[in-house]
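Heads up: the structure comes next, in structure tokens.
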Amino acid sequence: MSGFDDPGIFYSDSFGGDNAADEGQARKSQLQRRFKEFLRQYRVGTDRTGFTFKYRDELKRHYNLGEYWIEVEMEDLASFDEELADYLYKQPAEHLQLLEEAAKEVADEVTRPRPAGDEVLQDIQVMLKSDASPSSIRSLKSDTMSHLVKIPGIVIAASGVRAKATRISIQCRSCHSTLTNIAMRPGLDGYALPRKCNTDQAGRPKCPLDPYFIMPDKCKCVDFQTLKLQELPDAVPHGEMPRHMQLYCDRYLCDKVVPGNRVTIMGIYSIKKFGLTSNRGRDRVGVGIRSAYIRVLGIQVDTDGSGRTFAGAMTPQEEEEFRRLAALPNIYELISKSIAPSIFGGTDMKKAIACLLFGGSRKRLPDGLTRRGDINLLMLGDPGTAKSQLLKFVEKCSPIGVYTSGKGSSAAGLTASVMRDPSSRNFIMEGGAMVLADGGVVCIDEFDKMREDDRVAIHEAMEQQTISIAKAGITTTLNSRCSVLAAANSVFGRWDETKGEDNIDFMPTILSRFDMIFIVKDEHNEERDVMLAKHVITLHVSALTQAQAVEGEIDLAKLKKFIAYCRAKCGPRLSAEAAEKLKNRYIIMRSGARQHERDSDRRSSIPITVRQLEAIVRIAEALSKMKLQPFATEADVEEALRLFQVSTLDAALSGTLSGVEGFTSQEDQELLSRIEKQLKRRFAIGSQVSEHSIIQDFTKQKYPEHAIHKVLQLMLRRGEIQHRMQRKVLYRLK
């Protein structure tokens, strides 16, 4: 090791050093010329039909519009010069700079002479696009570092647009010497200022350590933005958390996406410093550790909220197959049979879910307002009736599906939350479940277990299909164009026929936003029980055998693509005859509901309003969309009315108080009033008493037991009394 300390002679191989540098520069110049040749000479079309110079014309058009960018397809570059495309794929950071310089030279040639005031040539940003199959975030390992990658995902957070210096000038505080035009590396890498000033000034003392500072007014900057990308839900293995990746966008790629967008990213898999320090900055560990991010070179937004996840990736053969499928006369029954085939019964409910998956047509009115096309559905009733299983199936079947449970969902988790960005300390917004499901379906299980405050938060998302946020200085509106499929139990766990509408513990404001409300009862029917038991046992016995396609069913992958195709290609409207029929039936429906309210002397908790008329329109449009028809016919309206009849109308009339359990007469009303007054006399405010003893005492006085239950339920709903000690004791509040 003594040779390293020898101050005598220093040997170096100086031969060929300059030549090597010259060769590197010559290679870069040659590659730049080839890139320039590609941009100038690449053409589309044939000599017979006429051809155009694709990138040359695009550069000229964009430059004249003041848009200093161009999108290059990797397939075009590979067909022109495969070696160049290979260089760009394996060493994108180095060769992209040459491509941008070449684009700037071509832009200079095609835009001369430029108008007065615009003589200075602007830099051109090159964005990349490719038809190659994307890889997942999980597949990005160290061997793909600094390579070009293409990954899909959902944008869940976006920072504000900030400035980053591309060229800086620094000045010494002591001797005021300056170093100008220092190039900065693109991406999230910083720049380490020189520790010493190397200016030779005879007769002056040496400059101190760390003398340089940046001169902000002499720096050249570009816009940049950081995004947070999350794995697609269907790409996450069971039982694992979705992974995230930080994205760096600059110049014209800023503000191209918002949280909730499904995107495919083309970029360079890069690393940045990942300093691990203790609280006071001492004991640095992990010096060699780097955290990964992607420097974005191209963004493709996969969906515009219409569920077009698969529509662009379909072959002509698939499209032809789907058109033949839609032309089948029994397509409606075929689709409803394919909805959760392992679940027995519930035919009408499956047909309603089929309508929800296809959806109606979103309409934009001349005054700028919109009418939603998505259908919302509520399943309400007994436990053990496969409600959650249906929700799980719809999540898998929908082109975009998000499943959440009511108890574990907050208002912010469903809509959007505002968080502080750890790097910039600014507030940023992260979209919740209803924003991430834009263009698909949100499945909310245990809807009745949600807190009322959280349930109110989705009112706007269900009807207006937007989420308005005004928090921490951020005021904005996010899109949530999605259907809501909710499942809930009744107030008493099981549906109690004697309680009527008291089984439903939802406000009319939320119930009116559901297009269809199904009451699912576990009825005791021996014949049905035999068939159900046989079906369930068959499922358990044949669960491990190889899956075989059942005749008359569409398999899940094909159904998912068919739904996406229909949603993308078809937007039907009501025909004139169907509209007239619907108008007449709606008037009859309203009068029937009004008569029922008059007879029962109370307002129904499930109202029949204009929203329900629009619901029937949407159901009819969905039925027409399954057949890829431009207009909904009278038959579609008839089926939509039937579905509405067996769901919402039956639910609205389920609380009928006529017959044995009824209180429709004046005598019954007086009986209720008498029981309530006597109950309040012996039950002081602030006291508590056993519910069982009250019922026993009043029964001894010859009052009917169902009437006593009715009074207690009314007082509970009005908030005058409340249950305590596992619903055994009643406590009077007012």
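In case you wondered, yes, glycine gets a Cβ from its N, Cα and C as well.
Pulled from Swiss-Prot, these are the features on record:
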type    : residues : note
MOD_RES : SER2     : N-acetylserine
DOMAIN  : 331-537  : domain 'MCM'
BINDING : ARG371   : ADP binding site
MOD_RES : LYS392   : N6-acetyllysine
MOD_RES : LYS396   : N6-acetyllysine
MOTIF   : 512-515  : motif 'Arginine finger'
MOD_RES : SER605   : phosphoserine
Residue distribution over DSSP helix, strand and coil in the motif 'Arginine finger' (512-515): 0 helix, 0 strand, 4 coil
For LYS392 (N6-acetyllysine), the number of other Cβ atoms found within 10 Å of its own Cβ: 15
Rounded inter-Cα distance in Å - the residue listed as 'ADP binding site', LYS392 (N6-acetyllysine): 28
Neighbourhood of LYS396 (N6-acetyllysine) by C-beta distance under 8 A, where only residues 6 or more apart in the same chain count: LEU556, LYS560
PLDDT averaged over every residue in the domain 'MCM' (331-537): 80
